[in-house]
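K.L.:
Feature list, courtesy of TrEMBL:
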type     : residues                                                        : note
DOMAIN   : 1-354                                                           : domain 'FMN hydroxy acid dehydrogenase'
BINDING  : 76-78, Ser105, Gln124, Thr152, Lys228, Ser250, 283-287, 306-307 : FMN binding site
BINDING  : Tyr126, Arg161, His252, Arg255                                  : glyoxylate binding site
ACT_SITE : His252                                                          : active site, proton acceptor
Amino acid sequence: MADTFAGFEAEAASVLPASVRDFVAGGSGSETTLRLNRVALDSVTLTPRVLAGADEPDTSRTLLGSDLDLPALVAPMAYQRLLHPEGELVLARAAADAGIPYVISTLSSFALEKIAAEAPSWFQLYWLRDRDLLTSLVRRAEDAGCAALMVTVDVPVMGRRLRDVRNSFALPADVVAANLVDMATEAHAAVPGLSAVAAHTASVFEPAVSWRDLEWLRGETALPLVVKGILDPRDAHRAVEAGAAGVVVSNHGGRQLDGALASIDALGPVVDAVGNDCEVLLDSGVRGGIDVMKALASGASAVLVGRPLLWALAVGAVGEALGLLRRELRDAMLLAGCADLDAVAGLTTGRARWPS
């Protein structure tokens, strides 16, 4: 069994079709931002404290009314049946066992109600052209007991993911966008030189979303609103003004604007911009417990973990992956002299100077 998150990716490579590996691993354009996420996180340094007098660090946190055993959430990720026949259901159960929320994707391959029955959940919402369908998804999320609504705002159109284009990637017949069932088949027709998934999202996503739309949504639901896809502190401040209880600093895992800055580089200015007015989460590039430490020491309340859990899902090891995350975080907290997450937030961070 893998002893690092990278190990799960290596194991998954031996069991997945190349086109599915590329769909999960790939970024947009030349994948500059995809690489930057790791380079930037690797360059963050932590100054440990000593003599903390703690032998069992407290990794728990309450976030927007949700109790977390770890300062992490399972990121919203589409079409998980590509990785495992029970896809989202397996990962949701593992999240429940680990004591962290599972964020259900609009493009999940099981209905949101079925997933929410497996774990304490949040619901991620893409902005759809069909306002009635969008509203119905919000109502379904409320009725299913989802604790928060995470609105993704950085996908007016899908970034050009060249691996998918070169593979003419399309969904297999048994994988559908279960929450959009009447439109699901559009992602199944393979066209040479095109991504059927990108064509599908172009047909159903609304590209001209504005702050006015977000304000409208704030008036439509009592759920805490979390805005995902923020990199500019001005947008973070605007999101709070529109009623957001949280923002996710994210470049969509390097899958949208290629050349966007690394999420960890955007985190500090966003935290400074919103102060204590909302929760700030980090997404994109997290690959282990030390990355969680770096994010929290840089001002985040929690992180979203994505691709590594998909690789673990492909080899039936999501429980082991989340256990590894817990172990790595606990060990890092002990080594840094941190008895709890408040102590982590108080660590001094820096940037490594790599040899030229």
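Each Cβ is built from the backbone N, Cα and C atoms, and glycine gets one as well.
Note: TrEMBL annotation is automatic and uncurated.
Remember, it's a predicted structure, so these values are computed and weren't measured experimentally.
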K.L.:
If you average pLDDT over the domain 'FMN hydroxy acid dehydrogenase' (1-354), what do you get?
P.N.:
94
K.L.:
Given the binding-site residues Ala78, Gln124, Lys228, Asp283, Arg307, which lie within 10 A of His252 (glyoxylate binding site) by CA-CA distance?
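P.N.:
Final answer, ordered: Lys228, Asp283.
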K.L.:
Using C-alpha positions only, work out which of the binding-site residues Tyr126, Arg161, Arg255 is nearest to Arg287 (FMN binding site).
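P.N.:
The smallest Cα gap between Arg287 (FMN binding site) and any of the binding-site residues is with Arg255.
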K.L.:
Counting distance between Cα atoms, which of the binding-site residues Tyr126, Arg161, Arg255 is nearest Lys228 (FMN binding site)?
P.N.:
Tyr126
K.L.:
Can you check which residues sit near Asp283 (FMN binding site), meaning Cβ under 8 Å from its Cβ, same chain, 6 or more apart in sequence, and list them in order?
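P.N.:
Correct list: Ala75, Lys228, Val248, Val249, Ser250, His252, Gly253, Ser263, Val303, Leu304, Gly306.
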K.L.:
Could you state the CA-to-CA distance between Arg161 (glyoxylate binding site) and Ala78 (FMN binding site) to the nearest Å?
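P.N.:
Taking the Cα atoms only, Arg161 (glyoxylate binding site) lies 15 Å from Ala78 (FMN binding site).
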K.L.:
How big is the Cα-to-Cα gap, in Å, between Gly285 (FMN binding site) and Arg255 (glyoxylate binding site)?
P.N.:
11
K.L.:
With H, G and I counted as helix, E and B as strand and the rest as coil, say where DSSP puts Asp283 (FMN binding site).
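P.N.:
The residue in question, Asp283 (FMN binding site), is coil (DSSP, three-state).
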K.L.:
May I ask you to report the DSSP-based helix, strand or coil state of Ala78 (FMN binding site)?
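P.N.:
It is coil.
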K.L.:
As a test of the contact definition, list every same-chain residue at least 6 positions from Tyr126 (glyoxylate binding site) whose Cβ is closer than 8 Å to its Cβ.
P.N.:
Thr106, Leu107, Thr152, Val155, Thr201, Phe205
K.L.:
For the glyoxylate binding residues given in the record (Tyr126, Arg161, His252, Arg255), what is the largest pairwise C-alpha separation in angstrom?
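P.N.:
So the maximum pairwise Cα distance among the glyoxylate binders is 18 Å.
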K.L.:
DSSP three-state call for Arg255 (glyoxylate binding site): helix, strand or coil?
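P.N.:
In the DSSP reduction, Arg255 (glyoxylate binding site) maps to coil.
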